[in-house]
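Working notes, beginning with the structure itself.
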């Protein structure tokens, strides 16, 4: 079983969808009133017509239809987006190289236009076996290699020649001379317009290049100025930072010196205080010792005098007192 079984359905009409742009039936019918899908009479055999027609003759009839459509024109005056010089679509106005325009065709006599239309229709209806149609087909094959504008001009010339043969060669000569004059004028105008356009383009290019150079030079100057300002700011910041660092180091050194001096002063004071306290203690000790010695001497003298009076008890007491005093001195 395929992977898409039961999901994809075939369309009812298995044909490629054609857009409305390809359906030109309405365009032909509104432009020249020609209906290619109109029903034909049952009396005329279709098979004989199809066998007699050749591809070259069908192409010639198609070109004739195009020429008729351009000569008669549609209800609208100008096609949408058409060239302003020649009135055709497919190029812009400054790109136009067509020597003939639809405006020139409108300036023709209405009788000549009607005669050209009738002759073209007769050529299409009569058939294909004539030599004139073969000449037209050969000329149109050569013209198919060139642009569409050349094809249109040649078809108009052929129609005008046929119409002129019927009514006279004077009208053909007049129309040909008028067309030549118009071609020359159009060529001169085209050359002038081309030269003017080229000069304008050169001027605009020069202006743009000069403007670009100026803008580039200005931008370079601005960048240089900005870089200089940045360098100056950086140098100032560095100088300020160096000065701040030097000031901080000086302050630190001063603080260190002051701390050292304070410590020295404190140590000196403590040393002096210690020495003073030690000397005072030594003096006190000496005074005590002197007092004790003096008291012991006085007691010894008193005890020697009173030996006779006092018995063994007094001597013992004096010994105890002397021992106590010695103990006190040793403790101190």
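Yeah, the Cβs are placed from backbone N, Cα and C, and that goes for glycine too.
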Would you please say which range out of 81-98, 99-116, 171-188 has the annotation zinc finger in Swiss-Prot? 81-98
Run through the zinc finger (81-98) and tell me, per DSSP, how many residues are helix, strand and coil. 0 helix, 0 strand, 18 coil
DSSP-wise, what's the residue breakdown of the compositional bias 'Basic residues' (227-236) into helix, strand and coil? 10 helix, 0 strand, 0 coil
The compositional bias 'Basic residues' (254-269) resolves under DSSP into 16 helix, 0 strand, 0 coil
